[in-house]
Amino acid sequence: MSKPFKLNSAFKPSGDQPEAIRRLEEGLEDGLAHQTLLGVTGSGKTFTIANVIADLQRPTMVLAPNKTLAAQLYGEMKEFFPENAVEYFVSYYDYYQPEAYVPSSDTFIEKDASVNEHIEQMRLSATKAMLERRDVIVVASVSAIYGLGDPDLYLKMMLHLTVGMIIDQRAILRRLAELQYARNDQAFQRGTFRVRGEVIDIFPAESDDIALRVELFDEEVERLSLFDPLTGQIVSTIPRFTIYPKTHYVTPRERIVQAMEEIKEELAARRKVLLENNKLLEEQRLTQRTQFDLEMMDELGYCSGIENYSRFLSGRGPGEPPPTLFDYLPADGLLVVDESHVTIPQIGGMYRGDRARKETLVEYGFRLPSALDNRPLKFEEFEALAPQTIYVSATPGNYELEKSGGDVVDQVVRPTGLLDPIIEVRPVATQVDDLLSEIRQRAAINERVLVTTLTKRMAEDLTEYLEEHGERVRYLHSDIDTVERMEIIRDLRLGEFDVLVGINLLREGLDMPEVSLVAILDADKEGFLRSERSLIQTIGRAARNVNGKAILYGDRSTPSMAKAIGETERRREKQQKYNEEHGITPQGLNKKVVDILALGQNIAKTKAKGRGKSRPIVEPDNVPMDMLPKALQQKIHELEGLMMQHAQNLEFEEAAQIRDQLHQLRELFIAAS
């Protein structure tokens with residue numbers, strides 16, 4: 001049930017925030033299609049957007065460039081709007097190998113994927129909220145531009161149950177089977193139902209902690225109640241309930257029958273073309289594969305790889321855009337593109353890569369030409385579908401600036417009064433020794449340093465050099481997985497080491513108030529890693545510390561360096577002026593380490609309502625030294641499974657803690673063995 005958006009925050013807008021909120025709201029009310037919010041690091045961009053949403057009361061989609069930032073935004077929005085529907089929509093694949101064919105080696109690679117059940121449930125919850133409520137905020141990744149089930153067909157397939165309605169038990173079971181729910185009287189889990197006499201228990205696909213009990217008397221629905229599927233305890237009785245399909249790709253029977261006829265027609269036309277071109281192998285392969293899929297669809301209502309026939313199933317013409325999450329967003333919805341300088345180019349690049357792979361499959365008879373229409377949106381289609389949009393970035397790209405007509409909403413002044421870092425340019429010749437002395441100064445006063453290099457080799461050599469000179473240093477690179485990366489950042493903040501060396505990982509989304517110095521080596525080498533936007537983003541990592549400073553090592557000033565330094569000085573000047581006028585003394589951020597690492601941990605926290613206390617993890621210190629190796633090995637296996645579960649649920653901090661415990665347990669195991 002919809003409620004008005006209610007913003008929950010102990011803070012009131014300050015600094016540049018009130019003016020930014022006013023200008024954005026005025027622009028939206030005046031019908032501006034595109035606006036850009038240029039918000040520096042630490043200026044509270046998310047809080048500004050939350051205020052705009054609360055004031056205008058409009059359903060909103062927030063696009064983030066990756067899962068980690070999406071999880072961070074989800075966590076923040078959840079805190080701002082605890083009473084409203086804040087949802088999370090990202091790719092549900094933990095692992096995905098798309099179908100592909102390599103002609104040079106005559107190798108066909110079957111589609112292989114591992115689906116994260118919890119994220120699948122959250123995706124279903126997101127679309128349900130968008131169809132049912134007005135007070136909805138969906139935080140999504142670029143997964144939002146990929147094909148999804150048609151919302152019209154999805155709505156047609158819903159099963160409405162109300163107390164007092166006349167319906168036969170077998171009719172309910174038949175409808176549940178059409179929604180792809182499976183009967184399972186033993187293991188009651190998401191997307192299943194069980195039958196006990198005249199009682200049907202249904203575990204909705206979009207829920208993780210509430211199930212529905214339907215009690216029938218003869219052919220009448222006598223009672224509907226929600227209960228905890230774990231304990232069986234009744235939570236509440238309700239007058240009505242709507243059951244949504246188990247997946248977004250459910251299609252009514254009549255639509256499937258019609259689609260099958262259209263597929264047969266396309267197959268006949270394609271066979272003719274292949275035979276005319278003397279492609280006998282391709283013709284045989286295509287006929288065999290397509291007929292097998294048609295038989296599966298006829299018998300079961302779906303087949304493996306059914307998304308390749310999505311054009312027929314959604315009733316769209318050749319070349320028309322596929323249905324996506326944007327089709328679920330109400331007409332007056334609002335789109336917020338976070339870190340737009342990264343997200344917008346991502347959207348533009350998705351279509352071409354997907355098409356190149358599928359054209360090969362079509363050419364060699366693995367798929368019908370209609371498979372090309374199972375694709376992400378083209379950039380022009382995204383532009384046509386996008387509602388009123390706010391682009392949010394510290395370094396907006398040319399596209400956003402052009403679309404906004406150069407009229408950018410500035411949010412440069414931070415509520416804390418913190419200034420942008422002081423920038424110095426120093427010569428390359430002595431960069432390593434100069435850096436070493438700067439590191440020692442910072443380490444002496446318990447502050448941290450980030451160093452960014454151009455190549456992996458240089459990062460490794462620099463790390464080794466600093467270690468030889470007694471510095472506590474770690475190296476962050478692309479081979480490190482997400483959990484370990486978060487652990488490294490946490491350890492830096494906790495003071496386990498003083499210097500973090502990286503290449504291109506020290507940019508968007510890393511908030512480390514303890515970092516007072518950012519050193520950029522070879523800053524005068526113009527290119528992607530030393531562009532104006534890259535430099536501003538990297539310099540911004542020191543903007544959360546009162547003593548923030550950035551040193552650019554370069555023998556000459558490139559155009560990118562000049563622009564980055566000029567922009568930083570413009571911001572610093574404006575911030576200083578505001579502080580003087582309002583008597584503000586800059587204050588450092590005392591953000592708890594856990595706050596930054598809890599990236600959307602609300603996503604998968606098991607609700608303990610009525611379930612008793614959760615079983616504590618065994619601390620290695622409490623493990624008896626005489627514990628048998630076999631028992632230790634069993635405990636290690638248990639914790640490994642738990643660690644992977646936390647990692648899949650984006651609970652990075654818990655995963656890192658278990659990892660530390662595993663390390664100690666393994667040492668005990670070796671000693672015991």
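Each Cβ is built from the backbone N, Cα and C atoms, and glycine gets one as well.
According to Swiss-Prot:
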- Gly39, Val40, Thr41, Gly42, Ser43, Gly44, Lys45, Thr46: ATP binding site (BINDING)
- 26-183: domain 'Helicase ATP-binding' (DOMAIN)
- 431-597: domain 'Helicase C-terminal' (DOMAIN)
- 633-668: domain 'UVR' (DOMAIN)
- 92-115: motif 'Beta-hairpin' (MOTIF)
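Of all the binding-site residues listed (Thr41, Ser43, Thr46), Ser43 sits in the most crowded Cβ setting, with the most other Cβ atoms within 10 Å.
One residue stands out among the binding-site residues Gly39, Gly42, Gly44 for having the most other Cβ atoms within 10 Å of its Cβ: Gly39. The DSSP secondary structure for Gly39 (ATP binding site) is strand. Counting only residues at least six positions away in the same chain, the Cβ atoms of Ala394, Gln411, Val412, Arg414, Asp420, Gly540, Ala543, Arg571 sit under 8 Å from the Cβ of Val40 (ATP binding site).
Cβ neighbours of Lys45 (ATP binding site) (same chain, under 8 Å, six or more residues apart in sequence): Leu37, Gly39, Asp338, Val392, Gln411. What surrounds the ATP site, by Cβ distance within 8 Å of the Cβ centroid and not counting Gly39, Val40, Thr41, Gly42, Ser43, Gly44, Lys45, Thr46, is the set Thr48, Ala394, Gln411, Arg414 from the same chain. Using DSSP to sort the residues of the motif 'Beta-hairpin' (92-115) gives these counts of helix, strand and coil: 3 helix, 15 strand, 6 coil.
In the three-state DSSP reading, Gly44 (ATP binding site) counts as coil. Secondary structure counts, DSSP: the domain 'UVR' (633-668) has 33 helix, 0 strand, 3 coil.
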